[in-house]
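Single-structure report; data block below.
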Amino acid sequence: MSAKGAQAGSIGVIGAGAWGTALAQALANAARERGDEGAQVLLWAREPGLAARINETRRNDIYLPQAELSPRVRATSEMADMAGLEVLLAVVPAQFLGNVLADLPAGQRDIVLCAKGIEAGSGRLMAEVAAAAAPGARLAVLSGPTFAHEVAGGLPTAVTLACSGGQEQWDRLAPMIASHAFRPYYSDDVIGAEIGGAVKNVLAIACGVVEGLGLGQNARAALIARGYAEMLRFGLARGARAETLSGLCGLGDLVLTCSSTSSRNFSLGLALGQGRSATEALSGKATVAEGAATAPVLAEIAARDGVDMPIVAAVTRVLAGELPAAAAVETILSRPLRAEQEYAP
Ligand SMILES: NC(=O)c1ccc[n+]([C@@H]2O[C@H](COP(=O)([O-])OP(=O)(O)OC[C@H]3O[C@@H](n4cnc5c(N)ncnc54)[C@H](O)[C@@H]3O)[C@@H](O)[C@H]2O)c1
Ligand SMILES: O=P(O)(O)OC[C@H](O)CO
């Protein structure tokens, strides 16, 4: 069954957090640049009243208040409205993706996964979650260095668009997503794109901890490089390709997120390094720091599969309150000396 009454080139975004809203704006910019006069972007918001306020004020007053949205962006609170669209970007946080997609009426469509995380409990990556919740969908993953406020403001960046349907799917999706300032690069390594985004969030927490403890910029750079080694080790063990992880969705995003208090994950780590608990640092926040939910499940999978991820393990213990931040750093610094490159065959 194809998406009922689907209009050619119709596109929507599920999830009106900061990133969903910024992506809706980027898609509207792409439509304007290609001269597609009538094109609209439908944005689904779950919060009561938010869709109506976006339509009235052109602003998402909860998650991205600084951006004025294009008139091409139209918001809805009805999931049924998304059913007839050909392409959907799924931008709800990793832990909620399965439940939200299960509410989507069945249909054959492209779903572009934009959350960066691993599902707690099941350990599933986003494409596995989506394949179960929305059977028949053609899946792709969009991931890279993309602070929402910068993308919404039209500043340039580039992302990996990993297409499970290969070149044919890319040919369909890229023209709808690409604009002068928002450049997708083709990949068919879906697992690599998912792992890059999920793991970098945990490593950004670690970099925040280093900053919070005042350990200096050398330590942060060393942590990024050793964290990247963990990402690579985990990715290779799960079938990702090394070149994907060295690209935009891996190293590119890792460098961004590990270097800025604009990152919610880095900021969470900063608070932990300054001696606050994860509960304190996260309480009362409407916004998500995906690494907090991903760290424990990632550490568990890595331990189960014999993939050495000491930084991820240390972050997990600090988040759980099992270890003060400074003691966690000690566990890393006191590890036996070893060869720099050690990956699974
Ligand atoms: N913000 C960014 O700059 C950015 C950039 C790239 C990727 N991402 C990723 O995009 C995803 C969404 O993040 P965001 O920044 O848009 O979110 P956000 O922090 O701005 O907002 C939280 C989102 O969670 C949703 N939510 C809360 N409880 C929910 C529930 N029970 N069921 C369903 N949805 C619920 C809210 O509706 C809202 O959309 C995350 O995986 C994040 O890692 C974010
Ligand atoms: O604010 P963060 O830490 O969720 O990072 C946002 C994006 O993932 C950066 O690419």
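Numbers here mean position along the shown chain, with the first residue as 1.
Backbone N, Cα and C atoms are what each Cβ position is placed from, and that goes for glycine too.
The active site, proton acceptor feature in TrEMBL is assigned to LYS200. All chains included, 33 other C-beta atoms sit within 10 angstroms of the C-beta of LYS200 (active site, proton acceptor). Reduced to three states, the DSSP call for LYS200 (active site, proton acceptor) is helix.
Cβ neighbours of GLY15 (NAD(+) binding site) (same chain, under 8 Å, six or more residues apart in sequence): TRP44, ALA45, ARG46, ALA90, VAL91, VAL92, PRO93, VAL100. Summarising the annotation, TrEMBL assigns NAD(+) binding site to GLY15, ALA16, GLY17, ALA18, TRP19, GLY20, PHE96, ALA148, ARG264.
According to TrEMBL, the feature NADPH binding site maps to TRP19, ARG46, TYR63, LYS116, ALA148, ARG264, VAL288, GLU290. Neighbour list (LYS116 (NADPH binding site), Cβ cut-off 8 Å, at least 6 residues apart, same chain): ALA94, SER143, GLY197, ALA198, LYS200, ASN201, GLU290.
DSSP assigns LYS116 (NADPH binding site) to coil in the three-state reduction, placing it in neither a helix nor a strand. What TrEMBL records for LYS116, ARG264, ASN265 is substrate binding site.
For ARG264 (NAD(+) binding site), the same-chain residues lying six or more positions away in sequence with a CB closer than 8 A to its CB are THR287, VAL288, ALA289. Per TrEMBL, sn-glycerol 3-phosphate binding site is recorded for LYS116, GLY144, THR146, LYS200, ASP253, SER263, ARG264, ASN265.
Under the heading domain 'Glycerol-3-phosphate dehydrogenase NAD-dependent N-terminal', TrEMBL lists 11-164.
Sequence annotations record features per position, and here TrEMBL assigns domain 'Glycerol-3-phosphate dehydrogenase NAD-dependent C-terminal' to 189-329. Taken through DSSP, the domain 'Glycerol-3-phosphate dehydrogenase NAD-dependent C-terminal' (189-329) splits into 104 helix, 0 strand, 37 coil.
Close to TYR63 (NADPH binding site), meaning Cα to Cα within 10 A, are none of the binding-site residues out of GLY144, THR146, ASP253, SER263, ASN265. You'll find the Cα of TRP19 (NAD(+) binding site) roughly 12 Å from the Cα of SER263 (sn-glycerol 3-phosphate binding site).
Closest to GLY144 (sn-glycerol 3-phosphate binding site) in space, going by CA atoms and restricting to the binding-site residues GLY17, PHE96, ASN265, is ASN265. Spatially close to THR146 (sn-glycerol 3-phosphate binding site) yet at least six residues away along the chain are TRP19, ALA22, THR157, VAL159, ASP253, judged by Cβ distances under 8 angstroms. Less than 6 Å separates the Cβ from ligand 2 in the case of ASP253, SER263, drawn from the binding-site residues ARG46, ASP253, SER263, VAL288 in sequence order.
Long-range C-beta contacts of GLY17 (NAD(+) binding site), restricted to its own chain and to partners at least six residues apart, with a cutoff below 8 Å, comprise TYR63, VAL91, VAL92, PRO93, THR287, VAL288. Minimal Cβ crowding within 10 Å, among the binding-site residues TRP19, TYR63, PHE96, is found at PHE96.
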